[in-house]
Amino acid sequence: MAYAADQIEMITRIVEEAGELLPPQAPLGYFSHHNPLHALEELPFQRAVEHASAMLGTEALQTEEAFAAHLASGRILPRDLAAVLEHHGDRAGAVPGRHLPVGDQGPRGAGEEMLDGDAEVVPGGPTWNEFRLARLGLFIDVPRGAGALWALADGGELHRVHPLVTEARREELTRQGRRRFATTERRTRRTRRSRAARLQALRARLLAQLWEDLRRHAPPPAPRPAPLRRRDQVLEQFGVDTDEAVHPVLIRLCAAFLDQGVAAWEMPHREKGLLAAFRHLFGTLGAPREACWAGLGGQLRQQLRMNWSAERTVAWALWALQVPVHAWADTVRAALVSLRGWAGMVHQFECRPDRAPSRPAPARLMDYLAVQLTLEVVVSHNVLARLIGPDARPEDLGPLGPPGAAQGVLATGTTAQDDLTQGEQELRGGDLELAYEAFVLAQVMDVETEVLGHPRWARAWLRAVAEFDAGRRRWLLHLAYERRYRTQVLDALSAHDRRFPGTVPPPDFQAVFCMDEREESLRRHLEESHPQVRTYGASGYFGVAMAYQGLDDVRPRALCPVTMTPRSLVVERAVDDGELVAYQRARRRKAQLQHTISAARGRPARAAAYSAIAGLAELVPLAARAVAPRAAGEGVRMLGRREPARPLARLVIEAAQDHTPSTGPAGDGAQAGEAGELVPGVGAGPLRLGFTVEEMAEIVDTLLTTIGMSGPLGPVVFVIGHGSSSVNNPHAAAYDCGATGGGQSGPNARAFAAMANHPRVRAALAHRGRLIGPDTWFVGGHHDTCDSSLAYYDTDLVPAHLRPALTAATDALLTAVQLDAHERCRRFESVGPDVAAGTAHAHVRGRSEDIGQSRPEYGHSTNATCVIGRRSRTRGLYLDRRSFLVSYDPTADPDGAVLTRLLLSAAPVGAGINLEYYFSRIDPIGYGAGSKLPHNITGLVGVMDGHGSDLRTGMPWQSVEIHEPMRLLVIAEAEPERLARIVRENPPLRGLVEGGWIQLAAWDPSGPETYLYRDGAFEQHQPENLRFPVVARSEHYYAGQRDHLPPAHVLAAFGESPDAVIDRPGTVAAAGAGAAQPTRDAIELPEQASGPLPARDGQ
């Protein structure tokens, strides 16, 4: 069959569009947080999650049961429900598939779109507003699908009063029954039955009549979604899932094709692409022998002879499956998302081959689809021949199209409806789920059941229930859930501003950290233990977009946001060549031994000997790491000290004057390419070794200006990147710095410090008006967020007269990092609530060494806010490790250019992290990676459940179990008018804000007022509570607490000692109580009047 060029072009376009819907997750080593629904960001958040839910079968929001638990615990308050109903109640989303006929429907007339909030739903019943508010507070477990038939078929559910009915309402139902069945009630009184039995029978009769009234007038159930694949029709009509045959073969093919050197044997013809390798492997070497694969080898040999392209193969398969052209796009999309983890990884290798761990495979999504559809054609043909007959055709299953199409014929000649009993068919006459929900609500709410016997009011009641369906309720509950936390944070910012409007003391030293919310606690503890410090937050690559190659790296890696491609290469070069040679020789010997052992595993002749010898040799170290991980880690480090030490090294940051691209090793091991040549781990070349002096001056000046570091500098300025170290953790990169594309940002901090210390760079900065004197030295550092350690780079270069200041500063940082570990431990169930700080620090070090630890740290879990503004306004505010903190000084940004730059960088990065955790938490199976326990690394590209499943994308359950799924609240210190203008003028930001992917608030730079962006404009937030706990130190507040904590004021950050706290009037508990006491030390300070604040430090 000839295929028109326009069909091939259409298929190309369809595959390109479908590829955007696949998970954009990179291989494990380059894991970078992203919005799983990035392709739908042009839609409003609510519509996007609903669309994805329908397309992928995933959850859009938390379940009603989860929200009911939040209501019961006080996480959502009744006033939150009332507030969201007032503002969002009539815009809570469409009602999917359950519309009653327009006409005689009670309170709604023909053509009306919304019920009047103050109108009664039925005479004598609740108003529409009362109905919705009451319904939000009720969790009714409505049986669904076949479960509804099973639960209601025996009638037991229909004759018992629902458990949600209060005693008062139960008595009212009894009175209604007596009125309605007065004659029968008088006759039953003459019987010998007990009074309780008579009342029970009366209520049962009333409920039976109520059920009949509602069931009789219930609308038809919503039609099922139209089948998009022949597989869906075969499964529905015969109970046979053809994917169970196709997917295992496709998984093995993809695993072998994308393998990054783990497999002992390389896939034949891999260099020609997946489709060519598949044809040669199964067409010439032999296809599987199962009956469902009959004819596969012949078909593939024919494709080889005719040299079909992937596009032509796809077109042939769609025609062979008899898919109408108008359904091609839906069918292709459904096929790809059926195994979207592997399809997405193939697409990533096609789009970003530079992120392949070792060797990019020539992957194409079109090849993948051609293989998948070819397998589906063969399996479908053989399955239909077995189930229907040898002449069966795919079109015999019925059309792939809109609802209402003719149904396919089952092999037995019957339909599913014929298998139902007469009673079940009667139950299925209307929407059974809707009728049951209306039935329960009529019992619970203040409704006269006799009124519902009238057809008009029965329909009105059913319509009210349908209008306020689960989708609307869950959306409003989600808004109430977000509102409670948002109100707490905005209230706390206003209260903190009123209580502590003063400036901070001159600094002994300064420290710049990543904006990461895990650094919030470290900064807070540092400020508490050493109030003379000033801390700043910035994007973790610190403006240094580079490809980096350390001494231990085989090739360079990009350390910058994934949206950027570095043009400069920074390498680490040993100071002493002799030390380098000895070090590399020892590493090479160790690597050769490991390679020999690994290679032996894949060779049958050596497998038995390896298992006997290597197994015994590895038993003791394995047991030691499992039983005493920290001691085992120390032992490994002690043995490592017997090998040549890592040589002293420096970064090569300055480019040569001729700006020649680095096209070879050049003595540094760099593998940079010519223009257009792919550099694995980096992108397309060329890469130039180092930065020019002017470029370095621009990097330093831009960062210092952005974070508001102006005025005199302290003797030491730390720039501290971060990363995470753990063992047996496939998702380790997910715990590293998102701003460096899943890498560790310590090298960026080190490079920035080297630039800021460079004499020629300082001279260039002086020409720009920024003076950095000889009494200031920048020190790069690295914070390990898992074992809570700090390391510093190039400290031997610190001038002698500044070493005392460096020692004092590092001592303060050591204290802070120990307290940070102590705070982290409150979340770990394996740690007692009264653990000491030193013990806590040892515990987190042990977690990083434990091969059996599924929760080495919680990463970005619990992230919820991003505050862009001066640290002096949030200093001393306990934010529970939940807030990204970005330093910004609005007084030094008259035109808003700096704020625009920050919003365009920090908001997308924060939103990507936040939404990754959001979706992985609400649907750990559909969006998340599920539990870590069955994970198996495959080919260094991803993890599967066991030996053969789809690639699991997103975050593992153990990483998100304590996370509260909310959209990120971005709070910028700026006038509402300026912030609104920035949003309007920048489409990427406008899409995030107006689409509802993030929440945006403005914080007045000159007062405590905050404003929330809603419906295209800012509205002033009205605080509900300005009295928050006041504590001496953070540990007095969180000690003994496992759950999330609201904000609190911490006095130690302002240099106030516990003794001073005890002397304050209004002290309820001694502030000097031990950290193990779960007290709040609720010291109430007098509130200051709202109004302009004193001049602030520009920090």
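In case you wondered, yes, glycine gets a Cβ from its N, Cα and C as well.
Positions annotated as region 'Disordered' by Swiss-Prot: 175-194 (among others).
For 176-194, the entry in Swiss-Prot reads compositional bias 'Basic residues'.
All protein chains considered, the CB of His722 (Zn(2+) binding site) has 27 other CB atoms within 10 Å. Among the features that Swiss-Prot reports, Zn(2+) binding site is placed at Cys514, Asp516, His722, Cys737.
Annotated region 'Disordered' per Swiss-Prot: 1071-1099 (among others), in sequence order.
Cys737 (Zn(2+) binding site) counts 27 other C-beta atoms within 10 Å of its own C-beta, drawing on all protein chains shown. Over all protein chains present, the Cβ of Asp516 (Zn(2+) binding site) has 28 other Cβ atoms lying within 10 Å. In the three-state DSSP assignment, the secondary structure recorded for Asp516 (Zn(2+) binding site) is coil.
Around the Cβ of Cys514 (Zn(2+) binding site), the number of neighbouring Cβ atoms within 10 Å comes to 30.
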